[in-house]
Amino acid sequence: MNKTENLSIEETNEIREKLGMKPIPVFQEKNTDHKESLSIEETNELRASLGLKLIPPQQNFNSSPPNVHNTSKIDELREKITKFQKKANAPLRMAHLLEETNVNDDSSWLENMDAIPSSHESKRSSTLPRKGATKEDENIDLHNVQVSYNIEALSPKKDTILTLKESSIFDDTDSTEVLENVKAAEENADREKLRLRQMNKDRRQKKKILNVSSLDIEEEEEGEKHSITTTHLIIGAEQGVMKAPNTISAKPPTGKVKVNFDSANNMSDEDGGDFKPLKIKKRKIKDPRSTKARKSKITDKMEIVKLVDEDESLSWMEEEQPVTIINPRTSSNNELKGPEDLAREIEKARDEEKRRTESILKMREISNSIVVDEKVTFLNTLDTSLSERSATENKVKVHGEGEKNIGDVTNGHTKEGSGNNTLTEAVNNEPNYEGDAENAPNFFSGLASTLGYLRKKSVFTTGDVDLKPGKDVNNSESLRRDVRNKEHTGTGTYTKDKLHGLEQFTSSDSSNANTHSKRQDHYDPDIKLVYRDEKGNRLTTKEAYKKLSQKFHGTKSNKKKRAKMKSRIEARKNTPENGSLFEFDDN
């Protein structure tokens, strides 16, 4: 069984104090006349009757305990204050070699490690003030902080929050800590930015001519900072106004002369700031005595070139296809043609027309096709009774005087006699279309309607539909080959390199043609391939390639597909009509 011990409040408070806990407060009972006060024995009797725990008897119950709670709280606060002071006083830079270390510095913790007591009581006694200590001893650990404002600048009505001023961590100098109002500092910086921006705007709009550079502005800002730091408050152990240090200006060395140049005139482009004055270079005016007259170069006079028509020598082109060059430009130098020249030109035109008609007649006699020229005379040779006659019938009509007119009625050709130019009887005896005037043929309405009518009457023989297109391709290839093999004659000058290139081209072309002909020596378009399986059954191209791919990849079809293919092969065996499709013709 565990034993239970009852402790009094005083004992409990002693234990709690050793553990650093808050003691239990003890309240004294006030003696009231109108209420009965029971002793501990009477209270225990009542608690025993109620089944409650008895109160142990206590000695000196009314005596007040010592004020231990207040002393422990003060000690804790002092410890915290000393810790914060040590952190604030710790230097941010490393100590130099020849610099003496302070006892409170963090750099001297190795030297003073044995001197600092390790026990909690000795530490508390060292931090707590002594009874006989003076005010100077108490203010040793307090830290002096400077304020960047005077007493007049700080308004007593408004609360101001001061924070440490930002400083660079790379600054090796012993910079003192300064408190400032963040809002006021930001307002001053914004006000300065607005002022500089307005100055820049005025400079661009040429309202002001500023002889101020960015270096001058930086010097002005440094001067303002120096003036602020010279007169500021001190908060800490010694409160008051710090006086400006008396700095002795360095005397210039004797025996030397110092020359100060004008900074505005001798300022380089790199050192010049945003507000550098604009410099406009004056235009250099040359001496009129030294100027030389510019000589104008006159071009050579253009000679008149006589134009030579090279096409006049090509007489064979004039016979086959005369070319008429129309020059719309009229020149005053052209002389007026006389009547003899005009008569000569008219006679020449008549001769050309006569020669043309004779050539057309010769073409009609030689060929069996219709020759269409620019005249309408060939339309008179057409007969409207073509449907009543056969497509290959030719009639010979004899004139009363004995002269013959031979006409090919099917193709619409006529041959005129030497005596009289009379039309054939077939043309004169035109049938009358009185019933349907709309369906009557009209050869003079256009060439398209005439050709359409001739197609309807089966005058034109159309090509066979059953002919293979391969023959046309072969014909076109033969024509191309003939054209390629023709030797083109022409006049021109070639260099040695060009001639060598042409010879190589012709030799390569002939070699390619020979190789192409050799490849096609064994070509036979009538060969037919027959595919058979291992059992000798005929297969189509698709089935044969499918079997080859399955054999190559090592796969096979399922039972359903194999049965379907087998039934298809059996059905093909039973049909004797397809025998000629898969075998060679014996004939």
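Backbone N, Cα and C atoms are what each Cβ position is placed from, and that goes for glycine too.
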From Ser119, Ser268, Ser510, pick the one Swiss-Prot annotates as phosphoserine? Ser268
For the compositional bias 'Basic residues' (548-566), what does DSSP give as the number of helix, strand and coil residues? 14 helix, 0 strand, 5 coil
Mind tallying the compositional bias 'Polar residues' (504-515) by DSSP state, helix then strand then coil? 12 helix, 0 strand, 0 coil
